[in-house]
Amino acid sequence: MTELILALDVTDKKQALKIAEACAPHLDAIKLGYPLILSSGLSIAGELEELDKPLIADFKVADIPNTNKLIAEQVFDAGFSSIICHGFIGADAIRACVDVAADYGGACFVVAEMSHPGATAFFHGGTAEKIAALAVECEADGIIAPATRPERVTILREIVGRRKILSPGVGAQGGDASTVAKLVDGIIVGRAIYEAKDPVTAITEFSAARTA
Ligand code: BMP
């Protein structure tokens, strides 16, 4: 079944831990990014360990190969099982993340196309397709593609084949969970869950939408 990934962009550490714990039985992985890590430190990964859910580090790494390697090592040492890097950085810099992920038995996902409206100015016109092909060439585990544009996900799927597609943009950004769940391997949902009056009810509904 399509995975349900919680984007835990909650800057209050106590609240983040509370939401993660309550939602854990209904989710497949938790994505952590700058909002929570900058407020709580990388050690938050260790504190989430007892939930026994894979942790995805969303730093959208975008540096030279050596710096990427150093970042990725920190991420996997902290207990994450996956890392997300940008794709426009080129093959050598993507490979630096892919190689470290492989060394740790983890995974690396490459941002092929972003979900927000402004992303079309850069990613359309062949760039996303080029990045998706680069992700395959670099043997990344998969790509990030926009739930806000299912038709684009379909195009990128043709390029990446059976490699995983994780898709943010469901809920708050307007993406429809059941439509996108049919096209991808994992849907990423943030605000529509953690800002809901009752995050558990919300996540249960997204969980059900995967099979609708
Ligand atoms: P929300 O469901 O609240 O819109 O959160 C989506 C999450 O996915 C955020 O963590 C955001 O940084 C991330 N994301 C995204 O929305 N679009 C992308 O193209 C790539 C992302 O990582």
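Backbone N, Cα and C atoms are what each Cβ position is placed from, and that goes for glycine too.
For 3-206, the entry in TrEMBL reads domain 'Orotidine 5'-phosphate decarboxylase'.
Under a cutoff of 8 A between CB atoms, and with a sequence separation of 6+ in the same chain, the neighbours of Asp9 (substrate binding site) are Gly33, Pro35, Leu36, Gly190, Arg191, Tyr194. For Asp9, Lys31, 58-67, Ser115, 168-178, 190-191, the entry in TrEMBL reads substrate binding site.
The secondary structure of Asp58 (active site, for OMPdecase activity), as reduced to three states from DSSP, is extended strand. If you look up TrEMBL, you'll see Asp58 (among others) marked as active site, for OMPdecase activity.
Lys60 (substrate binding site): 17 other CB atoms within 10 A of its CB, across all protein chains. Residues or ranges marked as active site, proton donor by TrEMBL: Lys60.
Taken from TrEMBL, the feature active site, for OMPdecase activity applies to Lys60 (among others).
The active site, for OMPdecase activity annotation in TrEMBL covers Asp63 (among others). Using a 10 Å Cβ-Cβ cutoff, Asp63 (active site, for OMPdecase activity) registers 17 neighbours.
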Candidates near ligand 1 among the recorded positions Asp63, Ile64, Ser115, Gly175, judged by a Cβ under 6 angstroms: Ser115
Chain-internal residues near Asp58 (active site, for OMPdecase activity), provided their CB is under 8 angstroms and they sit 6+ positions away: Ala7, Lys31, Leu32, Gly33, Tyr34, Ile84
Rounded Cα separation (Å) that holds between Gly175 (substrate binding site) and Asp63 (active site, for OMPdecase activity): 30
Nonlocal neighbours by CB distance (under 8 Å) for Gly171 (substrate binding site), same chain, sequence gap 6 or more: Ala177, Val189, Gly190, Arg191, Ala192, Ile193, Phe206
Mean predicted confidence [pLDDT] for the domain 'Orotidine 5'-phosphate decarboxylase' (3-206): 97
Close in space, distant in sequence - Ser115 (substrate binding site), Cβ under 8 Å, 6 or more apart: Pro146, Ala147, Thr148, Arg149, Ser167, Pro168, Gly169, Gln173, Gly175
